[in-house]
Each structure stands twice: as structure tokens, then as C-alpha cells.
Amino acid sequence: MADISHPPMEQLQDLEYCIDSNPPWPETILLAFQNYILVLGTSVMIPTLLVPMMGGSDGDKARVIQTLLFVGGINTLLQALFGTRLPAVIGGSFAYVIPIVYIISDSSLQRIDEPHIRFIQTMRAIQGALIVAASIQIILGYSQVWGLFSRFFSPLGMVPVVGLVGLGLFQRGFPCDKYSPSPVILTCQMLLNFSLQVGNCVEIGLPMLLLVIGLSQYLKHVKPLRDFPIFERFPVLICVTIIWIYSLILTASGAYRDKPNLTQISCRTDRANLISTAPWFKFPYPLQWGPPTFSAGHSIAMMSSVLVSMVESTGAYKAASRLAIATPPPAYVLSRGIGWQGIGILLDGLFGTGTGSTVSVENVGLLGLTRVGSRRVVQISAGFMIFFSILGKFGAVFASIPFPIYAALYCVLFGLVGSVGLSFLQFTNMNSMRNLFITGLSLFLGISIPQFFGEYWSLRHNGLVRTNAGWFNAFLNTIFSSPPTVGLIIAVFLDNTLEVEKSKKDRGMPWSPPLSPLCSEEEKIIYHQLAPVYGKAQEVMARTRRARNVTAPPASVGDIGTESNAATNHPQQEFASAAHLAALQAQVVALTTLL
């Protein structure tokens, strides 16, 4: 049994760069551009869906995409510099679509006959709702309420949340049945018109999927350029370039000339109308659509999306910290990140992005695919987002990549994030029937309940909840259409009510982040001084083992905020004082010196 034992490990051991280590500058810039290409997918998809419903033209759509990328770049920098400081890209979120569709369907806006005026008025209404709703996230973040609530998140409770952050997006891979609505937020007909899934253009999507898997996994050890693993580092850039050129050839050769309209929208590279309508230079600025308008119903409906984005971002932060060889974010860091994310939603409302923002799940998955968790890469990718959003024509060229290419990438990246969530099971006792019951029920209902709500969603009926109060309908339909949110509600409730005290170790509580939001400033300072040292030590240990071809991990120091147990590699105690922190810091420094 000793030969097949795999002790629990907080940090992954086969990543090349942790959060505080940086690749060489040329590699860093290419990795940052790869992140920018990936975030383009959602940034183009959401305006492509919503702007025509609002009455906007192709020119309006291009302008909204520019604004969404510009504000996304700013929010990414704020989060990387002042928030959680994890390598997480902030981008547009589909979680806001149900309240936005509710606002679009408002009778006072639908009575406007002139499309462009209706677009402007609808955008102002969305801006007002985002500005008001952002206050909820700002208050919950900076008041440390979310951090205090996160103390109830054991590793067992986080399994369905992080897992469903990735696996809950399965409808963005291959297509659903034409006559069945999407379980997340939209009717399937809307998604089909949106040309999102691989199956809508198999001749492009399937080769992309196979090429990504082949390069990133089977050819990752091939080093054609000076012993540099180019296929492991840049699978997205290489595969997108090859398949994009292939799709251009198919379009130019007339392969889709007599095909159905859906096929042409999905496969052709000249149907986005972004390059011709995007301005050469446009600098987004606050209130560019005019002063926001405020409505209580719109704002309450939008608050549901803010709550959902908090849950999804919490799961994404947990996954990003693991994939970046970073310590799990303690409660006060998580609260600070949620607070800065609220400021980001406030900026979305001021600039008029047409939707709110959250952590980009696909970019979190990219950390694991490339084995690079460097924070600097994400910061530079934010610069690319801002730069190409200002130079509209250049950004529009990249934004014209067919959606099935992105759908193929999502199959890999969302699945990777989901598997990170499942990896939290290693910290729990899965020989416990209690844990098996909670995990299975929360995962199953986290997929099944949103599916049930999604089947009733349509523009006419506005979901399963159908009262005379449209804001109430949108609120509940948004909450229960989010797999991570449903999973969190079920898992956290059961985990904190079923045999809590005697199951503390079985739940994985000794592995929870140590610092509460109410700990002293001295403890917080030493914690952050220690974290980079520990991360660097973990990286050096991982590289040393690979160089020596050693498979069994040596006894480690344990996680930040815990003492290690060399026999079990299982931390048992939390920090009691700043002196305890300083003593552990000295141990880690000594370990780093020895390595």
C-alpha cells in the first residue's frame, strides 16, 4: 500500500512557475497575449447576444465589446494589485444575462420604436442597475461579512462549488437539443443563434479540440526550440492560429455558400461584422451612453447576479490559488477580493459594458494547461486588453475568431477547473457515508436544479418563477439557474448541520485557511511575507524532484498557517500568535536555503 499512497498536498507539484515567479520576458509577453486571446471569447459572445436584443447596430456592438475589454483590463489590474492578488483575469459574465433580459423586456423600453434610441435607453437602465447592485458586493466585501461567512466553507463544501464552476458550464461545449432550453440562462434557440457550441461547426470545433489535446498533452515534452516546451506553453496560440487559418480557407473557398444560415453564422469568419464597424481609435469613458437611469425593480433583479458572481468568483479564486501554487486565500483576503470586484462592477455600470464582471473561468483553467501561475502574466494580459480595446480595428481582427474555436477550448479548460474542485476531496475522509452523501447530493442537484429552471426559461415566460413581479422572477431564476450557487447552498447547509463536531477532521477543516478576517495586522503582514517564500520553496522542491526523477514527495513544511506533520503530511494546528508565524517563517527560509 505504501507504493500507491498519495498523501494530500495543498500545492500542486508539477507546475513550472508559481504566483511570485516569472518566466523570461519574451515568454511572459506571449503568455499574456494568450490570456488576452482567450478572454476575447466571452467578451465578444455576450455583446453579440445582448446588443441586437437591445436594438443596437453592429457599430454599437463593436463599441460595447471595446468597453467591456477596456473595463475588464482595469478590473484585472485592480484585482491583481490590490484584491486577492491571484493570477485571475476579470471579464464579462453570463450570470447577469437573466436580469439584463428582464430589463430589455421592460414594457417602457419596448414601446420605443426607434432602435438606436431604445438601445441607448436600455443601456442606461442596465448601467443604473449595475451601479446600485455593486453596492451589495462592496459592502459584503469590505465589511468582512463574506470572509466571516467563508469560515463555514470546509474543503468538503468547496468541492461542489469549485467543481460546478467548471462542470456547470458544460452547455458551452457541445450543443444541446434544439428544442430544449439551456440550463444556465438562455433558451437553446438563443444559444444556437449565438453559434456557441462545438457541434454547430464540427469541421472547425472538433479539429480544434483534438489539436489542443494533442499539443498540450501528447507533445508537451517535444522541444523544437532550444529545449523550450513551446507546445506546453502556447497551445492556445498555436491551435487558434492553425484552425483560424483553416476556417479562413474554408470561408474563402465557398464551402459554406449554400449551407443553412446557422452553419454560416457558426463557421464563417466574415459574419461578425466587427472589423468593418469598429473605429480605428476609441477611448471608452464613463457615462459615454449618457446618465444612468435607476429603477428599484431593475436594481433588485441585478442584485441576484451580483450574489451569483460572488459565489462563482469564490470558487474561481480557490481554483486559481491551487493552480498558481499559492496558499489558499484566507478569509480577509477573500473579502478584500470580493470588495474590489464590487468596485469593478461599479466601473462596469459607469462605463456601460452592458453586463457585469466576474473571474474568467477559462483563464483560470489556462493556468493549469500551461503550468504557469505567474501573476505578472495576468497583469500584462490586462495591458493587452486595454491596448486593443482602444485600437478598435486591431482588436476586431482577433475578435472575429469563430465561436466554435472557443467552445473547443472551453471543453478542455472548464473540465480542468472542475477537476481542481474534485481534487479538494483529498483533504476529506471519503470513507465516511456522511461525506459521500453531501458530495453526491450537492453535485447532482447543482446540475439538476439549474437544468429544471432552464427548461422553463424563455423570453415570453421568463423562467419557472412567474409572478406579477418581474424583478422577483428574475431574482429567483438567476439564483437557481447557477450550478455553483445551488451547489454552495446545499453543500454548506448540509456540511454545517449534519454531525458537525464529530466530523471536523472528516470535513477537512484542519486544511482550511488559518487567518480570520479579524486577525491582527501583525499576523497579516507576516503571513504575506511568508507566503512568497513558501511558494518559492514549493516550486524549487517540485523542480528538484523532477530533475532527480523522484515520484514520492518528501515531507513538506505544510501549508501557510499550519504546522506540518511529517508522518502524515497533514497540518493539525492553526496559528496562535505572531511569534508562531515568525517561527514557521524561519523554518521555511531554512528549507529554501537548503534547497
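Each position is counted from 1, following the chain as shown.
From the backbone N, Cα and C atoms, a Cβ is placed for every residue, glycine too.
Given the structure is predicted, the values throughout are model-derived calculations rather than measurements.
As recorded in TrEMBL, the features of this protein are as follows:
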REGION    545-567  region 'Disordered'
TRANSMEM  33-52  transmembrane segment
TRANSMEM  64-82  transmembrane segment
TRANSMEM  88-104  transmembrane segment
TRANSMEM  125-146  transmembrane segment
TRANSMEM  152-170  transmembrane segment
TRANSMEM  191-214  transmembrane segment
TRANSMEM  234-256  transmembrane segment
TRANSMEM  377-399  transmembrane segment
TRANSMEM  405-424  transmembrane segment
TRANSMEM  436-454  transmembrane segment
TRANSMEM  474-494  transmembrane segment
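Contact between the transmembrane segment (436-454) and the transmembrane segment (405-424) is absent: fewer than three CB pairs lie under 8 Å, with pairs separated by 6 or more positions in sequence.
No contact links the transmembrane segment (33-52) to the transmembrane segment (152-170), because fewer than 3 Cβ pairs that are 6 or more residues apart lie under 8 A. At the 8 Å Cβ threshold, with sequence separation of at least 6, the transmembrane segment (377-399) comes into contact with the transmembrane segment (64-82) through 3 or more pairs. Long-range neighbours of the transmembrane segment (88-104) within the same chain, counting only residues 6 or more positions beyond its ends whose Cβ lies under 8 Å from a Cβ of the stretch, are 35, 39, 42-43, 46, 49-50, 53-54, 68, 72, 75-76, 79-80, 122, 125-126, 129, 184-186, 298, 301-302, 304-305, 308-309, 312, 316-317, 320, 341, 344, 353-360, 363-364, 378, 381-382, 457, 459, 462-463, 470-471, 473-475, 477-478, 481-482.
Within the chain carrying the transmembrane segment (405-424), a Cβ under 8 angstroms from the stretch's Cβ atoms is held by residues 38, 40-41, 45, 155-156, 158-167, 169-170, 172-174, 196-198, 204-206, 208-209, 212-213, 216, 236, 239-240, 243-244, 247, 315-316, 318-319, 322-323, 361-362, 364-366, 368-369, 508, all 6 or more beyond its ends. Sequence-distant neighbours of the transmembrane segment (125-146) (same chain, 6+ residues past either end, Cβ-Cβ under 8 Å): 99-100, 103, 106, 109, 289, 292-295, 298-299, 301-303, 305-307, 309-310, 314, 331-332, 334-343, 345-346, 348-350, 352, 354-356, 517-518.
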